[in-house]
Amino acid sequence: MPDSGSDWRGSAPTLGTALKQQWRRARSAFISEYDAELFSLAIPALASMLLDPIMNVISASMIGHLGTQQMAAVSLGSLAVSFATFTFGFLVFLTTPKVAAAHVLGDKARVSRHAAVGLWLALACGLAVTGGLVAFSDSVISVLKPPEPQVAIYASQFIRIRAWGILSALVSFVAAGTYRGVKDTVTPLQAAVVATGSNFILSVTLIYGLKLGVAGAALAATSASWVSAGMLVWLLFKKKLLRPADAARRPAWEEVQPYVSQGFFLAFRMVATFGIIMYASAMCVRLGAASQAAFEVIRQLWILSIQLFECLNVATQSMAAGLLGSGDRAAARALLRRATGLSVAVGAGVGAALLVARVPLVSIFTSDAVVAQMSLAIIPMIALGMPIDAGASIADGGFIAAGRTNTLSAIQVCGSAAQFAVLSWAAAAGMASTMTTWGVLKLMSVFRFAGGAYMHFYSSDSAYLPHNAGSDATSSSSSSSDSSDSTAGSADGLEGPVSATVDEEERELWRQQLWAEASQDVNGFGPPDLGPQHMSAAEMQQYHEQQQELQQQQPLMHEHEQYVTGGGGGGDEAAAQLRRRARVLDPSAKVEQPVLASWEVPPVGPSHSA
């Protein structure tokens, strides 16, 4: 038998062959089969995600050059409105995997229904929060206790106007989750371009033309938010992702309950996370307008910078949700590893660029020497933390794609508790400063990255590890046999050739996922919504038809058993993952390697059966 260094004839390889082999190895270290789809989704997402922060930077710079008090007031008002808005960020986090699970199965009716239920929830939550914030804006500001009365007046004015954009923001959350679920990142980009253009024109007109100052900035942002939401919803109808009949039909409690059960804990997570930011901001407020203005400069720069790797999070959510929905844990795990590596690398580059360009960047926001000095002192710490922020972003996306949002909430609540303890100690010890608050805020990224890495790649509860493999993962580094012949046939995430028993378990998982609500929960917060026991009569009939079709396909499957199970000896990782993927999606398919080389998830369902 020829050794690994011989060619197919058993003779020693030529110099040209050896060089080609080395090139392939070097290339595989930097290029993955997931890269093309990751970047095809991430680049449009990046463009759309950058537009809003860029517009916020422009608006903040306009306000900042009006005065330090105006800048501090907009910072307070923006944080209060963001707190109220992102408490309901679960709308996008829960909509994305639900829509993805339906889309991968070709179930357009279910995609539409998920979008409609989300929009109804956005309407109810948005109206309630808007009314409360408008009525109690003065009370919100009094809790923060700004020392300058003029800052309080400006901030209250900003909140009362900006609150009318909360409903549009929640509607946009649901629309964005729907588009992500169907892997459409271009449509949100189109809406963002229109909204950003509107915001810029209105900001210049209202702030400088009509001399409305802080009120003009709030009115421009609110109007642009409604432009974006209106366009996104209109395109949902146009693309037939939302049907008029579904939009007009009020959801039943059974449809709302999964959002409520999981949304409660996600909302609690957002309250804890944003509560810490508000607490840190309040510490800066009490130090004076200059400290709060510096806090806002850093916040705007940080938000703008993280979009350069948050776009990979969006792409990872869409791709991983589709892979998990089709039952392919091995591919989803490989994707998550690749996305994490890419994101950390991008984060390091972003941090370096931020460090180099810190002086001109700060000058965009303020001409106040004190504010500029404070900001420049903090930026090196923010830049060094960017790779951790980037890894944490992908870790969050992995939880969202798997529907494990309660685990994500638990990690972030623990992180928030640690932050609160450190901030309280710093305040009591007289060490409160803008530098201290930002240093403590970065602790959250450490919790998110470390917690996500453990839960995704080592925990027995991981959605990305094979069944019963979580406990083995923690000890694999100490087992020398794991790197020998036992891994030859496990490139797809299983040990040795795939047995018929494991194969049937994987297909059963796929059958259950046919009607998955993507709400499986590892912490016991609310029952999972998987399996035929949760189906309507029509769904039950279609489910049994699908089972009958699978049973009819069993004889055809045996014809290809040797290839599908990898009986020939394992092959490389990509080929093994292709075999596993084809086996789960369609047991009867005679798969040649090029068929799924694009890694695009084919639609699976009764209308697509072999």
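Quick reminder: no glycine exception, Cβ is built from N, Cα and C everywhere.
According to TrEMBL, the feature transmembrane segment maps to residues 34-51, out of the candidate ranges 34-51, 412-429. Checked against TrEMBL, the range among 161-179, 294-312, 370-388 recorded as transmembrane segment is 161-179. In this chain, the transmembrane segment (115-141) lies in contact with the transmembrane segment (161-179); the count of Cβ pairs under 8 Å, excluding pairs fewer than 6 apart in sequence, is at least 3. Among the listed stretches 34-51, 115-141, 191-210, 216-237, 335-356, the one sharing the most Cβ pairs under 8 Å with the transmembrane segment (71-94) is 115-141.
Packing against the transmembrane segment (191-210) from elsewhere in the chain are residues 47-49, 51-52, 54-55, 58-59, 62-63, 66, 216-217, 219-221, 223-225, 227-228, 231-232, 235: each is 6 or more residues past its ends and has a CB under 8 Å from a CB in it. Residues 76, 80-81, 84-85, 87-88, 91, 94-95, 99, 152, 155-156, 159-160, 163-164, 166-171, 173-175, 177-178, 233, 236, 241-243, 246-247, 249-251, 255-256, 259 of the same chain lie 6 or more positions beyond the ends of the transmembrane segment (115-141) yet place their CB under 8 Å from a CB of it.
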